[in-house]
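Copied over from TrEMBL:
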type	residues	note
DOMAIN	8-60	domain 'Myosin N-terminal SH3-like'
DOMAIN	69-757	domain 'Myosin motor'
BINDING	Gly163, Glu164, Ser165, Gly166, Ala167, Gly168, Lys169, Thr170	ATP binding site
REGION	603-626	region 'Disordered'
REGION	636-658	region 'Actin-binding'
COILED	892-943	coiled coil
REGION	1087-1121	region 'Disordered'
COMPBIAS	1097-1117	compositional bias 'Polar residues'
REGION	1162-1188	region 'Disordered'
COMPBIAS	1162-1183	compositional bias 'Basic and acidic residues'
COILED	1325-1455	coiled coil
DOMAIN	1518-1795	domain 'Dilute'
Amino acid sequence: MSVSELYSQYTRVWIPDPDEVWRSAELIKDYKEGEKSLQLRLEDDTIREYPINVQSNQLPFLRNPDILVGENDLTALSYLHEPAVLHNLKVRFLESNHIYTYCGIVLVAINPYEQLPIYGQDVIYAYSGQNMGDMDPHIFAVAEEAYKQMARDEKNQSIIVSGESGAGKTVSAKYAMRYFATVSGSASDTNIEEKVLASSPIMEAIGNAKTTRNDNSSRFGKYIQIGFDKRYHIIGANMRTYLLEKSRVVFQADDERNYHIFYQLCAAASLPEFKELALTRAEDFFYASQGGDTSIEGVDDAEDFEKTRQAFTLLGVRESHQISIFKIIASILHLGNVEIQAERDGESCSVSPGDEHLSNFCQLLGVEHGQMEHWLCHRKLVTTSETYVKTMSLEQAVNARNALAKHIYAQLFGWIVEHINKALHTTLKQHSFIGVLDIYGFETFEVNSFEQFCINYANEKLQQQFNSHVFKLEQEEYMKEQIPWTLIDFYDNQPCIDLIEAKLGILDLLDEECKVPKGTDQNWAQKLYDRHSGSQHFQKPRMSNTAFIVIHFADKVEYLSDGFLEKNRDTVYEEQINILKASKFPLVADLFHDDKDSVPATASSSKISVRSARPPLKTSNKEHKKTVGHQFRTSLHLLMETLNATTPHYVRCIKPNDEKLPFHFDPKRAVQQLRACGVLETIRISAAGYPSRWAYHDFFNRYRVLVKKSELANTDKKAICRSVLESLIKDPDKFQFGRTKIFFRAGQVAYLEKLRADKFRAATIMIQKTVRGWLQKVKYRRLKGATLTLQRYIRGLLARRLAEHLRRTRAAMVLQKQYRMRRAHRAYQRIRRAAIVIQAFARGVFVRRLYHQVLREHKATIIQKYMRGWLARRRFHQLRGAAIVIQCGFRRLKAKQELKALKIEARSAEHLKRLNVGMENKVVQLQRKIDDQNKEFKTLSEQLSAVTSTHAMEVEKLKKELAYYQQSRGEDSSPQLQQEVESLRMELQRAHSERKVLEDAHAWEKDELRKRVADLEQENALLKDEKEQLNNQILCQTKGDFAQNSGKENLLMKELEEERSRYQNLVKEYSRLEQRYDNLRDEMTLIKQTPGHKRNPSNQSSLESDSNYPSISTSEVGDTEDALQQVEEIGLEKAAMDMTVFLKLQKRVRELEQERRKLQVQLEKREQQDGKRVPAEQPKSDSDLDQDADLAYNSLKRQELESENKKLKNELNELRKAVADQASTHGAPDSYNLLLNQLKLAHEELEVRKEEVLILRTQIVSADQRRLAAKSSEPNINARTSWPNSEKHVDQEDAIEAYHGVCQTNSKTEDWGYLNEDGELGLAYQGLKQVARLLEAQLQTQSREHEEEVESLKAQVEALKEELDKQQQTFCQTLLLSPEAQVEFGIQQEISRLTNENLDLKELVEKLEKNEKKLKKQLKIYMKKVQDLEAAQALAQSEKRRHELNRQVTVQRKEKDFQGMLEYHKEDEALLVRNLVTELKPQALAGTVPCLPAYILYMCIRHADYVNDDLKVHSLLTSTINGIKKVLKKHNDDFEMTSFWLSNTCRLLHCLKQYSGDEGFMTQNTAKQNEHCLKNFDLTEYRQVLSDLSIQIYQQLIKIAEGLLQPMIVSAMLENESIQGLSGVKPTGYRKRSSSMADGDNAYCLEAVICQMNSFHTIMCDQGLDPEIIMQVFKQLFYMINAVTLNNLLLRKDVCSWSTGMQLRYNISQLEEWLRGRNLHQSGAVQTMEPLIQAAQLLQLKKKTPEDAEAICSLCTALSTQQIVKILNLYTPLNEFEERVTVAFIRTIQAQLQERNDPHQLLLDFKHMFPVLFPFNPSSLTMDSIHIPACLNLEFLNEV
């Protein structure tokens, strides 16, 4: 392509500019060869003529097409030169805010001077596992590439971070190390990655300082090696440091600071532990205040110091060592403030007497004050014969002091680095390492000294290594693609390096001059001039004899030789060092004892110790110490050897401006750094060969518009590409065909883009021409039709107007006539009404005048009357007041006299004695009276109880005898008996009448109370009405608050979801820890391999050892020691419990103890009463029998109570021990369930004991009745069967009591023998007395109940009154408040009321549940007894029938109906679990009932429940759960197996709910299904265990599905062309995408994703998983698709285009269609894709006007502001016809979205998991309809 074709009209070029370095311009006419100038138009429309040198014919650089501007990789640019690189970086940095850009193998990082949210954990995980070209440029991408190459190639790696001070080197290195620490983690529990990160605050504190260019500039270089093991986990690290800037300790330039640690220590000087440091503000110390301002804006030195201390602690530095370090640092500050005064002679000096800072210095370092004061001003000279002590001048003393300060700090710096390396050291074998080199970049200042020389020397070495590495990679790429290799000339800086380090080079001459006794900087400079004046890299300045110039690879630098020798020697006087060696502090002495002349380090050493050198201790030996230059050269050679043995990765940090302004770009500074850091050299090497490279597939997709139609018939894309290029580019040297790529020279891609754009432009013009012509024709036809229509309508309109005019004229005449008539009539009426009104008003005025006159006269009379009365009353009041005053005075006089007499009397002792005697007598009398009344009350109460019981028994006995006599003798009763009966009847009637009177009184009082309650209720109703009215008013005022309430409800729902999510995350974490525990236990068993078998205790269930919910069986624990032993065997972690529940249990135990005491007291009273009742005259045999029965009963009851008490005490001791053992540990997740299990077991044990006591009591009563029946079989007693009330039900306890009463009265009947020989009359009389007593007792009971009821009603009335008063007070307070406060107060009151009611209801519900459980258990016991009785009867009948058979008969067994239960023997349980769980394959149950294992397990559980075998239920469920866990652990990547057991676990959980007996779960059961419910056991706790297991299985299922889907998502959703030909591929650079859109094996399409989801859906449906769970699974998977796709979209510039948005919308529509086809559209999966849908729409929307910005803001509600701005910044046009998003438009978007409270997180958390819900889904199958297939090998199960 000729020059005239390239430089044609409208071509854009770059021309030099003094301000902007390069400026864009456009040719306004074609250039012809030989012309001396170019006609250009600048961007500001000014015309300029650009001259051309005819000899060199150097034309300006061509500008790249706009489509290539802003590329991620600079090597993707078609024209590779300095202005193109600078412009691309500027566009990315300012317009897109992208700070990272690739330049081949180099990552260019521009310091934004602003904190960006691109370094979070989510971004780290997004880059983890990705190839370097897959995502946008980032420091994490470089770190991931190094980590991946280390693992893949098993070769050590290095990341070289370089740049100027303030460019961000330290931060970049820190982020790289954070990436390694996060991604790899540590292989052990030493947390080495945290220690690696913790070393950064320490090194920044002691090695970083504020400079004019950077607030946190590293003043040393460091190389950190991070070691990895074979599994590539971090196991250790090591740090090397280079060339600490010691001169900063004693000198700082303007606006600079010393090292941060000095200011941090001064900021923390007020802390108590630092009082002894004697520090004040930093401004008070010379070494810290030379730069002026001692603070940094936005930096808190005290807070940073706390971080430094924490880092020291984390790295294992003891507190004592930390204090010693801070003392040494403080001593340096004090040393700088030591005042040295010159003497008069000028050759000597001295320290000011009593210098406070010198004292502090000596005290902090533990050295002698006198010696240090002497040797600060003197020095020792040693000759061969003697030693002299010489004074020093003031200048020499100050230099010696400064040298000592620098030396102390350097030694401390080396000690800290050494201890950091010890903390990071590991004993494990290092397999590989990644080194991070954070080293100073090329430096040039106005005055450059020894430090800048060493820094630039190191950069020369690094640049040489960089150039050779880039050249090597280019060569490998050409050879791999089989491209002919031609030698590329690149800059080699070996001559400059030789100038510095070769023999007799600059460093050699410097060391030689240092050895000369009187060597000077001027002599050394002169030697340099003489030796190297002919070198091409060395120059002598014209105006100076002490400076020299070295021409480095980046720039020419002039060095001033003053100070070179002193800095190279680094001299410190021996005497001062000896004083420090004698310090009483070990750390200070160790710092200087260790400093000896060390042997030069070899190349194999892993640690380089660079220490400050000092003169030798003895001058007699001729060995000289190593100079600083020699040490630095040695360490640099070791560094280069390390780097050459690794694979390097380069990060070049650029400082955009010197003012530290955020996102401000200075082109001059940027170009200077680009030249210095080697980026332009990389560009030059690339441009010398074939910089642009295209894969054949990508080239074909991009440029197939240039292919002829006939050539497209060929299927070989390589052949098509060859023919197209050969026809378009005539020069064959401009391109080369490689094996997989096409290589282009610089500028050829731009030419192809121009041809492509021309083709599109011609096609566009043709389309526009055709469309415009068609539009004009359509417009003409539309106008013609509209014209005809308008004419027709206008003519009709005119005709209608004429007719309307005629009609209105006639109507107007009629209206005028009627209107005139109406107006005349109204005028007459108006005049008439006016006359009448005037007459009425006139008459009224006269009448009112007369009335007012009469009224005034009447009022005057009244005034006179009241005035006269007032005067009379005033006279009377005056007189009465005077009389009262006189009376008061007289009475006061009398009272004073009487008071005086009383005071005299009161002072007398006799008066006090009389008072005391009276009071003592009264107290004694009252005390005696109280004692007498108490005794009398006690006696009367005992007599009343005895009489009541005796009377009741006598009445009952007399009733029975009377009935007996009436039937036996009929009417032949004696008169005396009749009289007695009559008297008894009268007495009974009198008792009835008294009872009736009492009942009437009770009824009357009850009616009164009811009336009163009714009145109160009515009053309460009125108050409620008022309250309702107030509430209505409040509600009317708070209608606007409904939205807030709904928002609060939404927040509560969110909190509920978060709580459920946290709970499920805890379950997930628990399962992970459990799996880790199993793995560790397996490893321990493999390591130990100890023979033997430890048997579990018999009272420890299998659930306690395997299940997640252990429990200690309290019924089998004998005492506290056994309980403690069992807790130790189970494990202390499982014995933890909640203290609040323990206190409740303790309270319950105390209540039971009180109840036991009450029962014991009642028992003793009963014994006493029984003992009193037994008369002496009773026959001995009868009384002995009765006493034996009572004693047996009471002793049995006492024993039961004592055993129960003992059990409760044992249980309490056991729980106390468990809590005491676990007081110091944290509660485990299952501790609460442990306590609940124990509490429920204790309750169950108590209920069982109570029921056994009741059963024993019933048996004793029945035995007593049988004994009574045996004894009363005599004739006179046997007649009781004919009594009238014999058929009535009698309570057993009442019967026993009546029997004892009869026995007590037997002896009394003998006294009445004269009336009747048999004593029947006496028995009747005693029976009537007993009845009367019973009635009296009932009456007293009713009266007590009545009194209690009255008291309760009174209490309710009082409570209502109090509540009413409170409501009134509240109402009054509310009325005083503002309307808003009234609303809030009312809501608070209502909330508190509802809370109290809710608590009361909860207590009531708990009580009802307890009663319900108790009744259920009693019912179960009775049912069991009935079943046992029926079984016994059936067995007896069968035995009877069998004995009745006389001959042998063949009996056929009748088949019973299957009851839905499966029976198995205990020894077959392991076989059942193995066949049904552990070894079961889901494929074996294909075609059977879904969830068949769950049904079989439930039928086995039901049979165990039927036979009331709790151990069997417990063991089966525990074995099943553990078996499922083992299967899932074994198949942790099998989706089908996981789905199978998720469905079965859920079905088993549903079965336990459906057949639990709870009415809430039985609403959809049939009658047959209700028969299959569990009868004896409540498995609520196991339901919770199964629910947690289901959550774990669900999480594992999601993990497996995500693992299968995640590799497909990016390729299918973003890269694959679902719509063919829609997207075009842009040119790519050195970094190629790993998953390109080529036809590779790694490419996935959307059909693959849908096919995979079809597989998931089919598996879950076939296995009977609940539809609700399936919906939740796909909701989670769609969220993951959304998150992964959106995250990649946000981190990739190449996919943010209009065509990608179209592809995304098409792909999302296909996924939505799939959801509708599977009936999953209601699962919420589409809602989770909303952010991705809005992102796709954002890519397709117009992005120009403010209206477009408003539309974007209203549309993208699911995207955060940060995500919207990021997408707009990344938006890249694929064609020249598309326009970029302007910066102004992005700022408009940001301004409109600034009110949003969006989260600061850029990326979505693709690992987020929604909380899962397992809705209850009952089965319609009955248990008896399920068939067990033979393939399960369950023949040992028997159907019941």
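Any Cβ shown, glycine's included, is placed from N, Cα and C.
TrEMBL does not curate its annotations; it predicts them automatically.
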Integer mean pLDDT for the region 'Actin-binding' (636-658): 89
Sparsest-packed of the listed binding-site residues (Gly163, Gly166, Gly168) - C-beta count within 10 angstroms: Gly166
Residues close to ATP site centre defined by Gly163, Glu164, Ser165, Gly166, Ala167, Gly168, Lys169, Thr170, Cβ within 8 Å: Asn111, Asn214, Ser217, Ser218, Gly441, Cys653, Lys655
Helix, strand and coil residues within the domain 'Myosin N-terminal SH3-like' (8-60) as assigned by DSSP: 0 helix, 24 strand, 29 coil
The region 'Actin-binding' (636-658), counted residue by residue under DSSP: helix, strand, coil: 9 helix, 8 strand, 6 coil
Close in space, distant in sequence - Glu164 (ATP binding site), Cβ under 8 Å, 6 or more apart: Arg213, Gly441, Phe442, Glu443, Cys653, Lys655, Gln673, Ala676
Spatial neighbours of Thr170 (ATP binding site) that are distant in sequence (at least 6 apart) but have CB under 8 A: Glu204, Asn208, Asn216, Ser218, Asp438
Candidate with sparsest Cβ neighbourhood (10 Å radius) among Ser165, Ala167, Lys169, the listed binding-site residues: Ser165
